[in-house]
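Report on the structure given below.
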Amino acid sequence: MAMCVGMWILLLALHVQGGDGQMVQMDSSKSGFVGSQVELRCIFSNSNPPVKISQVTWQKLLNGTKQNVAIANPALGVSVLSPFKERVSFKQAAVRHRTPSLEDTTIVFSNLQLSDEAAYICEYTTFPAGNRENMVNLTVFARPMTRMTLTTPTIVARAQKRKMTVATCVSANGKPPSVIKWDTRLKGEATFQETRNQNGTVTVRSNYVVVPSRETHKQKLTCIVSYRNEKITDSVVLNVQYEPDVKIEGFDGNWYLNRPNVQLTCRADANPPVTIYQWKLLNGSLPSNVEIKNNTLFFKGPVTYDLAGTYVCDATNGIGTRTGIVDVNITDFPNVPTTQTQEIPQEQHNAGAAIGGAVGGVALLGVAAILLFIFLRRRQRTFKGDYSTKKHVFGNGYSKAGGLPAHPPIPKNLQYPDDSDDEKKPAQIGGTGGFEASDRDFDGEQEDLKRPYFTVDEGESRDYDERTLAFQYDPEPEIADDMISQTDGSVISKKE
């Protein structure tokens, strides 16, 4: 239908067919809601000299078929045809006069109906110019009827935790169709369905699905319907019935002998409220000094060992029965409350933290200083130095002044262990007797040069006898004050 109307608009356009200047002025489109009122404008622009208007005819064009709506004739007067007679009229009263003025033949539609949607032609019959016409497209909107309802007045939370539709939002008979959204804190899901009606309207239906539970009770569920530029909201509050959620209060873990005034209370969150509370003691009967009032057990007198055990509370409402359990144990003496250590004022806590941090810092610095001292001490004792500045000591412990002598020759039959910084101790090779002093000529400098080369350990003053090198060494001289001995047996000047 819309395509046909568009083709007629293109064919007829907004101008009068012909070249003598007459024109029928109309709006290209008009719209209104069902039940409202709308004007369809039609004005004839006459020429100079003016032409004679013989008749004005309004026609409804639907699916290629024309249907007369209203006629204005100077001689016959005004006529509105059925089914528009009760709802269509000419706006200008001059049209209805005995000598009518037909230049403005605008009509008024009252109480619009969906069936009024169509293209409308305003045709002028003139003499001698002939027929002149134009067309307007009328669109009729239908505002939807929106409603939101609970699926059932009573929503029951079952132990199986099955999903169910709790609310339905409907936007009925809308044109164009509306859009439905949900606003809620519930963790559910929505389903949507559109139904097109015979009169051209659309009904949109959305169901909200959720698993009923204690947490969904008293939750708000809002349906938001968007229609054109309008928003329509409707809300419900879920009333979910569920079994009691039971807890036993009163036992603080510190029931000791002779403690007075202890009690246990059965707390139950339920919808509808709990109607029956039942107390019992597992593997036994309730103590004789117990008094039951509603949901509370009052223990008369001081605490005794007889109160120990597992207490059970059964709470029943119209949906079901649930149970709460607590194990009561009795101690000889009160437990020291741990909360006292936790209730230290914040200022004291901060001060203690600051003092502890300072003490820890001082201790850390002390440990670092000790480690540094040990490191430097070991470094001093193990320093090898520059061997170009070391004073090599020969057999008698003296070196020659004025420079370092060449290293004395090593006897061929002396063997040393692998090179290291340890003391060089010759090992005897071949023969059991070693070297005899009588076998060699030792005198003066030659004697020193011919003696085996070795270094003197710091603070070492032991004598070497014939079992070591088969000849005696002279006693070690004292080291000069400006010299420092090293762990490898050499000495080094303090200046160096």
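Each Cβ is built from the backbone N, Cα and C atoms, and glycine gets one as well.
Unlike curated entries, TrEMBL annotations are predicted automatically.
Summarising the annotation, TrEMBL assigns compositional bias 'Basic and acidic residues' to 437-451.
Per-residue confidence over the domain 'Ig-like' (35-139) averages 91 (mean pLDDT, predicted model). What TrEMBL records for 35-139 (among others) is domain 'Ig-like'.
Taken from TrEMBL, the feature domain 'Ig-like' applies to 144-239 (among others).
Among the features that TrEMBL reports, domain 'Ig-like' is placed at 244-331 (among others).
Taken from TrEMBL, the feature region 'Disordered' applies to 400-462 (among others).
Look at TrEMBL and you will find 475-496 (among others) tagged as region 'Disordered'.
As annotated by TrEMBL, transmembrane segment applies to 351-376.
Across the domain 'Ig-like' (35-139), DSSP helix (H, G, I), strand (E, B) and coil residues number 7 helix, 57 strand, 41 coil.
Shown for the domain 'Ig-like' (144-239): DSSP residue counts in helix, strand and coil, namely 3 helix, 59 strand, 34 coil. The residues of the domain 'Ig-like' (244-331), classed with DSSP into helix (H, G, I), strand (E, B) and coil, number 3 helix, 51 strand, 34 coil.
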